[in-house]
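Scroll down for the structure; my scribbles are underneath it.
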């Protein structure tokens, strides 16, 4: 493979990260606890004991309607008990921190809790009875596909806060937190469930010990909130699952409700700006041979770990291809995840579907982003990538190819190292806990 082509693949892989997500950690009553890092821990011989349930969704995939009667719907694919618990007082809050959630994956955010009736590290997940304590669905359906709870989660720095009911009896519980993506839900088994579970030790509280619903009976593939076309204007939306427990503290952790309503919070914009990086899509099975031209992406927001509570540095890299069919259009994206320390998350960029005009000019992919990548530098925090050590790249694709071909192996490796350092190490967003 030529140096130019190798460079193209390397830059594309570094710029695109996994399209779905998972909970990296939680903050319970102000204390941070690490979650299960599915992009690293499955490949470790001795993963740490964390509050998040272990699972095997290493492709960052989902559970669809065909899995609603299997154990996978409970806490995700092949989930096993967490070996630690987070302490939270009844009436307290739990903030769940996600990796960047894709904007196209609109849908409700739902929280359940189930008593372990003993040791949560050994409880049989199929016996857990889930009680819904929080739900948020369609916020504004006046313009398809609408504004959803998932959009509020994104605007809140990819996090969601749920209140533990104050009347709940003290003891060991499993919190089941879930996003249901509805972008393909117009077809049966098209909805995508992303359940995440964490162990809690609830203190104080009252005497309430409500009975619930076992995980394999929460949903059916034809439930009104599961089989739904979000690409038509919706006046209302029925959040799937059992009814909200009357002892729950609220109807939604980050605002929004089961029916459509206007909400200023729904249109709030994250304060952390995105970083432009070159995106050079590669040909894949089922995808058009015409390269996709990247369009300006939404602000990227990434979770962080408070100082002094850092999880081990992940080292695993995974790549997968996803093809999704929307009404009248097909979108194929190639995604690669680069894991790093929770305090230094990889820069994430989403490749949007090109318009007809963009497709006509798709051969100038690198040109459109060259000004943002005019060579990565070692200066931290610079969004332009300029500096005394920068090397200006050519501004047209043919010249760029010639430029890469002219590099020696050592020069190319140095350029690649600088690019990856700029993408992964220097471009860091931090978030303070409040």
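Every residue gets a Cβ built from N, Cα and C, even glycine.
The annotation signal peptide is assigned in Swiss-Prot to 1-21.
Summarising the annotation, Swiss-Prot assigns Cu(2+) binding site to 20, 105, 194. Over all protein chains present, the Cβ of residue 105 (Cu(2+) binding site) has 23 other Cβ atoms lying within 10 Å. DSSP assigns residue 105 (Cu(2+) binding site) to coil, not to a helix or a strand.
DSSP assigns residue 75 (disulfide bond) to a helix in the three-state reduction. The feature disulfide bond is assigned by Swiss-Prot to 75-197 (among others), with similarity to another entry given as support.
Neighbour list (residue 120 (disulfide bond), Cβ cut-off 8 Å, at least 6 residues apart, same chain): 81, 82, 85, 172, 173, 174, 199. Swiss-Prot lists 116-120 (among others) with the feature disulfide bond.
Positions annotated as N-linked glycosylation site by Swiss-Prot, on the basis of sequence analysis: 157. Annotation note: residue 157 (N-linked glycosylation site) sits in a coil segment as assigned by DSSP. All protein chains shown were included, and the count of other CB atoms within 10 Å of the CB of residue 157 (N-linked glycosylation site) stands at 19.
There are 21 other CB atoms within 10 A of the CB of residue 192 (O2 binding site), with all protein chains counted. What Swiss-Prot lists as O2 binding site is 183, 192, and the listing cites similarity to another entry.
Residues or ranges marked as compositional bias 'Low complexity' by Swiss-Prot: 249-292 (among others).
The region 'Disordered' annotation in Swiss-Prot covers 249-315 (among others).
Feature annotation from Swiss-Prot assigns compositional bias 'Low complexity' to 298-307 (among others).
Taken from Swiss-Prot, the feature compositional bias 'Polar residues' applies to 328-354.
Taken from Swiss-Prot, the feature region 'Disordered' covers 328-401 (among others).
The compositional bias 'Low complexity' annotation in Swiss-Prot covers 355-401 (among others).
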Please classify the secondary structure at residue 20 (Cu(2+) binding site) using three-state DSSP.
coil
Let me spell it out: for each of the disulfide-bonded residues (116, 197), count the other Cβ atoms within 10 Å of that residue's Cβ, using every protein chain shown. Which one has the most?
197
Hey, how far is residue 116 (disulfide bond) from residue 192 (O2 binding site), Cα to Cα, in Å?
27
What is the Cβ neighbour count of residue 20 (Cu(2+) binding site) at a 10 Å cut-off, with all protein chains included?
23
